[in-house]
Amino acid sequence: MTSAAGLPSIRGLLSVRGVSKAFAGTTVLDDVSMDVRAGEVHAVVGENGAGKSTLMKVVAGLHQPDGGELALDGRVVRFQHPRQAMAAGISLVHQEFSLLPDRTVAENVFLGREPTRRLRVDRRAMISRTATLLAESGVDNVSPHSLVRRLSVAQQQNVEITKALVHRPRILVLDEPTAALAPHEVDALFARLRAMVHRGLTVVYISHRLSEVFQLADRVTVLKDGRVVDTVDIKSITPADLVRMMVGRELSNHYFPDRATDPGKGPVRLQVSGGGNDAVHDIDLALRAGDIVGLAGLDGSGRSELARALFGVQPFTRGTVQIDGSTRRLTSPRAAIRAGIGLLTADRKAEGLALPLPARDNGLLAARALGGRVASAAVAALVELAVKVGLRPEALHRESRLLSGGNQQKVVLVKWLATDARVYLFDEPTRGVDIGAKAGIHDLMRQLAADGAAILMISSELPEIIGMSDRILVMRDGRIAGHLPAGAGEPEIMALAVPA
Amino acid sequence: MTAAAHRHVGSSRPVWLVLVLLFGVAWLVVALDGGNFVALPNLQNIAQSSVALGLVAVGQSLVVLAGSLDLSVAYVVSVSAVTASVVMNGSAADIPLGLAAALGVGAVIGLGNGAVIVGLRVNPFIATLGMSLVVRGILNALFDNFAGAVPDEFQALGYDAVAGVPVSLFLLAAVVAGAWLLLHRTRFGYHVYAVGGNIEAARASGIRTGRVVLVAHVLAGVCAAASGVFLASRLGAGAPWVGPDGGYDLESIAAVVLGGTALAGGRGRLLGTIAAVLMLAVLDSVFNQFQANAFVQTLVRGVIIIGAVALYAFREQS
């Protein structure tokens, strides 16, 4: 096993030596060293904000390090622009999609290296080579002619990977490639990656999902707070070891303990009768104070649409909604907020936060919109609320875009606490959040429920649904397909979720 | 790529449809009034009046598609008109020199815009507004009205016609064809769309984004300069007021968005812009035939532009 001290190993292909990087005075990478050997799958794990993505952007030439250096085959390289990293054989598959929605698949795949003939783009060659590449990577449901905006998330992810392979890279860096994929799509991706590794590709793989790391990787480097904890052989450790290295403490017994409260006895906070619009139909549901109700279902089953209807984004056009016993018309988010509803969207960056604003202003965004007494009370209590969700008060003064994903989620939560919301709609509350922060968010949800809030939690992760919920609703085709009690198993949920 | 694939990338067809419709209505309305909208002189007039704005709008399309903007085009028109007429100074032998100087000045100003935007990271709105003021200051310090003169031979560009088609229309057609090929058939064009669509993604794909923006601005400067040269030929000389009087800065942006290009960049078609320029010319022509109040004319333009963009936003949503 190589030490993480930055000594180039004999088989070392890429060496990161003492790399540091700071943004706006915040250190993100601190003296990071790591060796990637030719032909291996090298996983990089760490909590949110550990610096994994930044490290990979340095490797791919998107960021220039403040200190330290990179070496390829033992020679020091300096990348001023991503094209230099590409020329050196390094390709990055981004966590955030870097595709152009209004261009075709072929145009995206060859972006930046379009084949030309006598100065004109050779579109015929571009399309046929895209088709070949897609076929090579086993993608058979995407046409080179399709507009990217018309593709599903999984298809887009495949296009993104195909795009990275155009350069015939020696090193392929994948940053959370499975975050938006369904299980069978993950399997397909892994099969493809293994085949490519077999043909000599070196892979650097970033993931939150430890099971994937154990399935795929040869070695793993653990980052914590911008520093390397260690690089170890995957065969020499257990998942529990890895978690301990990532968070610096045990988590195993922490996960999903039995609820202490006796759920279902509080007053009904939210009652929907016969609710419906273009996307969801015949919705009947009741959330009680203290309830955590899990909302399961496949992608496209209408889970998010139901949350959006309740929050007035795409309001119900039929049926009635009662909150704390009085009928409310939730025709806009403003009306929903006034009624005491808070929505925590799956996409924090796009819908949850005004990223350039300090966390403090984001926390007060909704309360200030309501104005008057709500706002002044919220200002006074802001620090208290931050502490309650486990956010350091100093973090309130930082720009929201500089916070880690877990902390951004906490800021969104503060936003709704500040409006004194009583009904919380969580859409994928722990998507893209690392394991330590995940447990923290689950604790917070339970705390909220214990304080008398009613919670509707959408999640694609069945263990989360099963572990957290007092009751489980399963959606299918825009309707609630069934109710299950706490303790229901995955087969029962899937039986309701999958169309017959 | 097939034509079918292009259609859903954003076609300019609806804009042309509206143009044809507008033309038909104009014909009818003028006919009811006892006039002939399709008389050759009138059509020539519409074509002529489209050329100046059309040339500027082609360049404006390039920078807007690249996610930028150029507010200095009106003064580039002026400065190139004056340069052409001063350098030629009535001598036919100096036509090539005058042309080169005028287009060169446009290229240099465009380069300056691009350098400030890319190098100093100044917002394009501010950068080109500032450049516009700089050029205006210099121009007004040196000239107060017509300066120099273009030779009679050069006025052919502004007034002659071949088989009824004004010579200047060939110039516009050539510039449009060149810009179309550049945008839709070359790597540079692909990169313009990429940079305007998502500059971070473009950079991460290995595109030198700064260079793309810079070149787009140089081309916008050259296009505006070509428009200035055409106006000098029409007027017989250049004057500092020809650009701003034509309102080419805001009108060209209006034509670009009326033609269906997203002001944020990355989406739109060059031919849509041209259709929009023709629409504005047809509209002007109708108003002129009825000798309508100029203020009403401006007002109607404003309403049409807002209405069109609102319609695009609506279509985008549904």
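The backbone N, Cα and C atoms fix where each Cβ goes, and this holds for glycine too.
Any TrEMBL annotation is an automated prediction that lacks curation.
TrEMBL lists B:15-39 (among others) with the feature transmembrane segment.
Taken from TrEMBL, the feature transmembrane segment applies to B:51-77 (among others). Taking Cβ pairs closer than 8 Å, the transmembrane segment (B:51-77) reaches residues 105-106, 109-110, 113, 117, 124-125, 128-129, 131-132, 135-136, 139, 166, 168-169, 171-172, 175-176, 179, 183, 192-193, 195-197, 199, 212-213, 216-217, 219-228, 230-231, 234, 242-244, 246-249, 251-253, 255-256, 259, 261, 263-268, 270, 273-274, 276-277, 280-281 in its own chain, all 6 or more past its ends.
Beyond the ends of the transmembrane segment (B:97-118), by six or more residues, the same chain brings 68, 70, 72, 76, 79-81, 83-85, 87-88, 124, 127-128, 130-131, 135, 150, 154, 210, 213-226, 228-229, 232 to within a C-beta distance below 8 angstroms of the stretch. Annotated transmembrane segment per TrEMBL: B:97-118 (among others), in sequence order.
Same-chain neighbours of the transmembrane segment (B:125-143): 69-72, 74-76, 78-79, 82, 109, 112-113, 116-117, 239-240, 244, 249, counting only residues six or more beyond its ends whose CB sits under 8 Å from a CB of the stretch. Positions annotated as transmembrane segment by TrEMBL: B:125-143 (among others).
If one looks beyond the transmembrane segment (B:163-183) by at least 6 residues along the same chain, the residues whose Cβ comes under 8 Å of a Cβ in the stretch are 40, 44, 47-48, 50-51, 54-55, 58, 61-62, 65, 156-157, 189, 192-193, 219, 223, 226, 230, 233, 270-271, 274. Summarising the annotation, TrEMBL assigns transmembrane segment to B:163-183 (among others).
Proximity of distant same-chain residues to the transmembrane segment (B:212-233), defined by a Cβ-Cβ separation under 8 Å and at least 6 residues beyond the stretch ends, is recorded for 51-53, 55-56, 58-60, 62-63, 65-68, 70, 72-74, 76-85, 99, 102-111, 113-115, 117-118, 150, 154-159, 168, 171, 175, 179, 182, 188, 191-192, 194-195, 202, 242-243, 246, 248. The transmembrane segment annotation in TrEMBL covers B:212-233 (among others).
What TrEMBL records for B:253-282 (among others) is transmembrane segment.
The transmembrane segment annotation in TrEMBL covers B:294-314 (among others).
Distant neighbours of the transmembrane segment (B:253-282): 10-12, 14-16, 18-19, 22-23, 26, 46-47, 49-50, 53-54, 57-58, 60-61, 64-69, 176, 179-180, 183-184, 193-198, 301, 304-305, 308-309, 312; these residues of the same chain sit at least 6 beyond its ends, with a Cβ under 8 Å from one of its Cβ atoms.
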